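As annotated by TrEMBL, active site, tele-phosphohistidine intermediate applies to H13. Among the features that TrEMBL reports, active site, proton donor/acceptor is placed at E89. TrEMBL lists R12, H13, G14, E15, S16, T17, D18, N19, R62 with the feature substrate binding site.
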Amino acid sequence: MATPMISITFVRHGESTDNLRSVWAGWEDAPLSNHGMNQARAVGQSLSSTPFTAIHASDLKRAFTTAQAIYDAQPAPKPAFDSSPLLREQHFGVAEGKPWALHTEPGLSLEEHYARGIYPVLFNRAEAFPGGESLDDLAKRAEEAVGRLVMPHVWEAARKGKRGVHVALVSHGLCISELIAALMRKNAGGGGSADKYKGLLNTAWTRVAIDVQGVKEGEPLEFPDDDPPPLTIKVTDINRHEHIDNIVRQGGGIGRQAYDPKQADIRAFFGGAAVGEHSASNARDETVTPDETK
């Protein structure tokens, strides 16, 4: 298989302390839990043999710290490393930090739910909590992020006739599903919806290969900014998480709380999955040591 001109690896952040609570955690800036730090170090080591050209991260602590672990494990010369609010998770407005609910209460309007401190999942892509973003809003931000953070790498590689460029984007479950969908819509053969790229475990990664049609290695391609060549884009890996399969949750440190199996739906949701589609494979990520529950 030929080396693609450019590969984009999307990495979800490690477990945060908010991931251990049943709350809406969008722009809430919680740090990684102790378990999340172990996950971050593991993904960094697992990707250490993949030399990145650049690492772009959400500026929220849980993603930035994960990206830092990936950067630290990179060989010299180190890649460029920066952060951007464009890669933040969906913003949940008044629901930020508030208890999460899967279903609405019969007979109550959404406004009545909010008045009672109940913030249920909104299943319509156009719906948003007051002051927050809808999934459609997140999709627009993802389009902007792809335009600003991904496409410049693509066009630069094409103009230099260069292959093997590799960029990492460290973000959040819901945002990543929209980022991949936004990128796939640029494929000359058609793209897909965000539903195809959902359900990332903490620090799991998905990879996309991009080729610019007409480019030959070592032969720069000239084209005007307003008339770029077509792209061939393919998702090559989804939800890769071998690096965390054997990590056991340890007692002590930030986030000592035991994992609650009842949180399966919310953890799947924030991984970008539709609720009710939680995978049993998450159990490998949520092993609790016997003494932790004491």
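Positions of Cβ are set from backbone N, Cα and C atoms, glycine also.
Unlike curated entries, TrEMBL annotations are predicted automatically.
Same-chain residues at least 6 positions away in sequence with a Cβ under 8 Å from that of the residue listed as 'active site, tele-phosphohistidine intermediate' are, in sequence order, L32, G36, A40, S58, L60, R62, A63, T65, T66, V170, S171, H172, N202, T203. In this structure the residues listed as binding substrate are R12, H13, G14, E15, S16, T17, D18, N19, R62; their two most distant Cα atoms lie 15 Å apart. Residue density at R12 (substrate binding site): 31 other Cβ atoms are found within 10 A of its Cβ, drawing on all protein chains shown.
Around the Cβ of D18 (substrate binding site), the same chain contributes A25, E28, A30, R62, G97, each under 8 angstroms and 6 or more positions distant in sequence. Of the candidate binding-site residues, R12, G14, S16, the one lying closest to E89 (active site, proton donor/acceptor) when CA atoms are compared is R12. In sequence order, A25, A30, L32, S33, G36, N202 are the residues of the same chain, not among R12, H13, G14, E15, S16, T17, D18, N19, R62, whose CB sits within 8 A of the CB centroid for the substrate site. Using a 10 Å Cβ-Cβ cutoff, R62 (substrate binding site) registers 29 neighbours.
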